[in-house]
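**Student:** So Swiss-Prot has the following annotated:
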BINDING   H146, E148, H300  Fe cation binding site
REGION    203-223  region 'Disordered'
Amino acid sequence: MLTLHLQDDDVAAIDAVADELSRRYDSVESTEFQAESRLYADELPRRVRRALHEYRSTEKSGILVVTGLPVDDSALGATPADRRHKPVPSTSLRQDIAFYLIANLLGDPIGWATQQDGFIMHDVYPVQGFEHEQIGWGSEETLTWHTEDAFHPLRTDYLGLMCLRNPDGVETTACDIADVEIDDETRETLSQERFRILPDDAHRIHGKAPGDESARESALRERSRQRVASALESPDPVAVLFGDRDDPYLRIDPHYMQGVQGETEQRALETIGAAIDDAMSGVVLSPGDIVFIDNYRVVHGRKPFRARFDGTDRWLRRLNIARDLRKSREARLAATTRVIY
């Protein structure tokens, strides 16, 4: 795990850029903001840019924690209780901008039409009625470790989580495939395209389509829903391990791989699952901390906790970050848009 501790002058420089942009934009969902964000990311301190560049290019570790950004708890207001809560401007606008710009040093933040109503900036907080679900709104059940959006060929390269509030010290669990030891036979099996992954529940909760969307957007949205339905009905077989044999990437989501494997495949999954459990570590994020997770190297999850639903619960912001937007061009409305259908 790599750590970047922001110094006072780093924070001052980031704040100056965030202040300027927060006067011009009231949301990071603005396409104009997204178009300019890369330019402003280049104005972040060289020390910050170097740390993110080295993390991206060297792959020395799949986890990078950035600490030191300020968060005024009183200015945030209550932790939202409803997943549709999206005020404009956000009470965390300055933090959102800083988070977005730092994420831009890894790639382009993206959203999903089938997840959180197509927003780029996601929320992670407990919602009543979802306590036992395997999604970001859950709380009382362990969020089983997984690759983010493992079922999807356009899954994110990096996942970013920024902590706004974590009064109970809830741990984000993580494990780098480089730390996992398995036998050669299991490795060989896992490297073959024999494993099926179902779409996770977050992609099955579809928001309401806007009434004024274009015919092309409607067509893309319907195709996206059909893809999820098809993946539920008959998921394509994929390899769990891929890339370099001795230093592989991985793609796995055990909770959504149960009951759809053959006996040999299931044994291989159980073997690597036990090895990942043995190598599992984690990080407890404090307000202002950001953790970046290489989604090709690291599985992540969350320890269980009991939510109070009183406005003081754990609250994170989340970004999915793509290294190459062109891979998803056929699934986006335009070259300038960031939502994948």
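Note that Cβ sites are derived from N, Cα and C of the backbone, with glycine treated the same way.
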**Student:** Which secondary structure state does DSSP assign to H300 (Fe cation binding site), in the simple three-class scheme?
**Tutor:** strand
**Student:** Please work out the number of neighbouring Cβ atoms within 10 Å of the Cβ of H300 (Fe cation binding site), leaving out its own Cβ.
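**Tutor:** Excluding its own Cβ, H300 (Fe cation binding site) sees 23 Cβ atoms within 10 Å.
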**Student:** Would you count the other CB atoms within 10 A of the CB of E148 (Fe cation binding site), including those on all shown protein chains?
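**Tutor:** Around the Cβ of E148 (Fe cation binding site), 20 other Cβ atoms lie within 10 Å.
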**Student:** Cβ within 8 Å of the Fe cation site centroid (H146, E148, H300 excluded): which residues?
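**Tutor:** Not counting the recorded site residues, we get W145, T147, A150, L159, D253, I293, N295, V298, V299, G301.
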**Student:** Quick one: give me the count of other CB atoms within 10 A of the CB of H146 (Fe cation binding site).
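**Tutor:** The answer is 21.
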